[in-house]
């Protein structure tokens with residue numbers, strides 16, 4: 001599962017992409033050959049000729065060469081790979097190599113496609129594209145800031161004429177927070193990173209719904225803004241607390257995010273249809289591009305050579321869409337400022 005009309009769409013898309021439920025049971029981990037490999041690995045500490053120091057235990061259950069995390073390379077220590085995860089990974093690679101030799105297609109293991117690690121990173125391509133999206137978000141936010149405070153006229157009290165400045169600053173921070181945790185989550189999928197990724201996505205989608213209502217209906221009065229935002233903030237906060245401290249319900253989470261995403265899409269769609277905004281074409285460009293990008297999440301496929309899957313390509317598609325989105329926000333700020341100055345004169 002945002003920024004003006006285009007922004008509503010991008011959040012729905014990463015809501016859909018990150019909040020789709022993952023399954024613990026998959027065809028791969030039910031494979032008898034894979035299961036036998038796991039059992040043997042956890043006893044011997046080896047998969048073929050590949051052995052792991054932290055799988056070697058003495059009769060009393062203690063690692064022979066000390067704690068496993070002291071045996072890992074420095075760049076992998078923070079990943080906390082243990083005996084079980086390493087056995088799963090290398091048994092998966094071994095089984096997929098066997099399947100490939102037989103002409104069989106890749107299958108999922110423990111709810112995930114068989115990705116190849118790079119320096120301990122689980123999904124290196126998705127991480128790289130998440131980092132690039134974070135960089136584009138930062139560039140968009142900074143360029144928005146420079147436009148408002150250094151290029152456009154300011155009020156006598158040094159505040160901007162654009163009435164939605166503060167909202168877009170909050171949006172920029174939430175969006176950058178989301179892409180940061182997205183990169184971390186795809187780097188190492190554990191319960192903590194999963195919750196942080198999902199929570200940041202929910203916060204971003206929820207705030208984007210608020211922003212879509214306030215901008216589309218041109219709500220400028222602070223009291224009215226509070227009346228719109230307060231119940232939605234309360235709902236989003238409650239949902240995040242539910243996910244983190246009661247139950248990480250993937251199905252419920254997806255429904256909530258989809259509902260908020262569809263609501264803002266309807267709002268922006270109507271707004272784009274009736275507005276005379278000079279940059280409305282960017283809204284439609286984003287809508288079309290985003291609609292095509294979401295197909296990558298619907299029609300997923302296994303990672304090519306263990307690195308690039310549909311989800312990684314969705315991350316790649318988000319980069320130009322993010323640029324278009326912030327471009328529209330800057331145009332909107334300039335358009336609104338110019339309009340207000342003409343009224344004042």
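Each residue's number is its place along the chain shown, starting with 1.
Placement of Cβ uses the backbone N, Cα and C atoms for every residue, glycine included.
Annotations in TrEMBL come from automatic prediction, not curation.
Here TrEMBL flags 1-25 as signal peptide. Annotation comment: TrEMBL describes 125-149, 161-184, 196-214, 226-246, 252-271, 283-299, 311-329 as transmembrane segment.
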Range from 125-149, 196-214, 226-246, 283-299 with most C-beta pairs under 8 A to the transmembrane segment (252-271):
196-214
Cβ pairs under 8 Å between the transmembrane segment (226-246) and the transmembrane segment (283-299), at least three:
no
